[in-house]
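Encoded as structure tokens, the structure appears first; notes follow it.
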Amino acid sequence: MSEDIAFWLSYLTNGKHLTWYASFQFTIFAAVAGGILAVVFGLIGATLKNSRYLPLRLIGTFYSSIVRGVPDVLFFLFFPLAFEQAVEWIWASQVCTPEMIAAQSAAWPPCKAANWILTTPEYLILASVSLGLVYGAFATNVIHGAMRSVPHGQLEAARAYGMSTGQVLWRVQIRQMWVYALPGLSNVWMLIIKATSLLSLLQIADIVLWADRLGAPNFLPAVGLVHDDWRWRYYLVLFVFYILVTLISEKGFNALMRRAGRGMLNEGHH
Amino acid sequence: MKKTLFAAAAILALTSAANAQEVVRIGTEGAYAPWNFMDDAGKPAGFEIDLGNAICAEAKLTCEFVVNDWDSIIPNLLAGNYDVIMAGMSITDERRETIDFSDNYFPADPSRFAAEAGETLDLNALEGKRIGVQGGTIQAAYAQEHFGANNTVVSFTTADQAMADLAAGNLDTILADGAYLEPVITASNGAFEFVGEDILIGDGYAAGLRKDEPELKGKINAALETLKKNGTLDKLIAQWFDGRGPFFAS
Amino acid sequence: MDHFFAEVVYFAPAALFNIYFAAASIPLGFVFAVFLALGKDSRNPLLSRLSRGYIYAFRGSPLFIQFFMFYSLALSLNISVWKPMGISWFVLHPLFIGPLVLILNTSAYTAEIFHGALRAVPRGEIEAARAYGMSWPQQFRQVIWPNLIRLAWPAYTNEVVFLFHATAIVYFALPVIGQQKDLMITAKELVERDYNAFMHFSIAALYFLAVSLVVFFLFGLVYQRLMRHMPSRPRMRFAPKWLR
């Protein structure tokens, strides 16, 4: 019995498992960075949508509706590649000579000198930006709605105090909007968490890739412990992990909403 | 705006140029034991990792292994994310159109069918069988072309996933590199067997390179030549493939 | 330009797989969701807990993981269960297990929508129905259901669009049979060949966008019909929301 426990303990703490546990950092980083960027893009998008100038309004609307009309995974694969190519293209215009371009045999990049090597950190940042862009479109909608929910009287009062348009927007409308935006943003956050499961599609050795590698059946003693197909067990762990993260996030957001709503409830009592 | 872009590009150029001089990056799959796999320490290991390190020591290069999915392993080589592929890749004419190969480090080896003990396959009249392959391999193309019409060809992301489906009885057979299947069949104690006839596709296993890297190719080939002559390569093959060979010692 | 149109045609068979996955999971997902929503609202604590837990688990975890988990789970049951029953080839086929997982997933999201609508059904109407002496099945058919579906329809339309979007990851998690490739695999393979991400992914995106618009249009027609008693019928706009 104790031998069994010792065996499982050492199996579950071998380097391969430790790498798996460590890879949770990629998922958490992508979620947090993606979440922050989604709010930033959401604020930009909502401000554009609220703009007095038609072209800006159109850009905001176009961004939020087109991105939401396409699967997140498509954008998730497209954006890092497109961004890499755009950088390499601009770079190529600076460093590539015609001879270098002629010598290039592959379809891309334009010349060898203009090659941007993508490794895990770069992919992780690009993945976070993609998540931010995709879910920023959803956040745009949420924040746009919330900005409109801010009582008109408050904005008028701010204007009456002589605040400029920018000041009204930044000091009053955006500050007051959070309370209305929080339920929607909590929903967007849940979407981002779930989308972090896609990291392995960008060659990041994330929790999903390691679950596959650890669970795949092994027949060769030279490779490690010989075992059958254990994949579903490892995926079950991830399944439970994500549910727990959702649960914790929900609790966090509820606490946040109670806090943010304190002043508002008082207002109702007057 | 353009200035900042240029500055960013310059920084990228500097860092990656520095990288390019120092480190040769080798792309591998890490899910194709004993060629390449992730060991208990969570690091790439296997025949090709040992060989790659031997080549780099011989050629005085600093090397680093990068794990990349099989299906995008050639595109990401061409895109420059790494400089060499060592991932149990066979030389074929189709691949030669897009990438270059070093001299082979494992001789041409037949692709073989593996199945549960007792299964028989008549390759001339194969019908209604579920054949598992790894997507994007020479075997996948062969199976689709020759048996696709009357059989179901199922492609998996990794060879290990195909093995899992075979072991779970979801496939009648899998078609894969003999040198990948042999250790598995030996270790299975009679649960799996080779069936049908062997099929010769590919001209041996070699390192894949971009076509515009003759210098790196020359270094790798020179190192391989030494390792072949001094018996290191044969020793590694015997070590990882149940005492096969020698193939290269003169 | 010709090249562009040629490729749009080339993608058409692939789009059918995405449409199939969505179409195969919508009806059963709908029915299952109604039962789950009623279960969550049930006074029976066991039934309520179970439905609540199911909905929470499937809404709280990524579909990508659900695909991997259910495929490997079904695979591990193959020799002991599916093989003896003779349905092995069928159960593990992506065209079966794909919609199966999508049904499990979408029914949880849909149930949450229906449950919200169920609680929004005007109390007075139910009380009036009770006063008329209607039995529970009668109440449900005559009062609760018509209200529920009208309240839930716009959100349900959204869910259907997102279900269609979710079909994009089926073949990233499941094996590919022969040449049965969906939009994403087709686009990815083409991009891996020539790096033209802008062209290939855009065409796949166009298909997703077009089908989303068609869904909004068709479901909008149904909505108009559901709302035909209203003096001015509300319209539905193309606006995928954050409900999923």
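Glycine is treated like the rest: Cβ placed from N, Cα and C.
What TrEMBL lists as domain 'ABC transmembrane type-1' is A:24-253. The feature transmembrane segment is assigned by TrEMBL to A:20-46, A:58-83, A:123-143, A:188-211, A:231-249.
Panel annotation: around the transmembrane segment (A:20-46), residues 60, 63-64, 120, 124-125, 127-140, 142-144, 147, 174, 185, 188-189, 192-193, 195-197, 199, 204-207, 209-211, 214, 241 of the same chain, lying at least six beyond its termini, place a Cβ under 8 Å from a Cβ of the stretch. Nonlocal intrachain contacts for the transmembrane segment (A:58-83), taken as residues 6+ away from its ends with a CB within less than 8 angstroms of a stretch CB, comprise 45-51, 118, 123, 126-127, 129-131, 133-138, 140-141, 144, 191, 195, 198, 201-202. Listed as Cβ neighbours of the transmembrane segment (A:123-143) (distance under 8 Å, sequence separation of 6 or more from its ends, same chain) are residues 26, 29-31, 33-46, 49, 60, 63-68, 72, 75-76, 79-80, 83-84, 177, 181, 184-185, 187-188, 191-192, 195-196, 198-199, 202-204.
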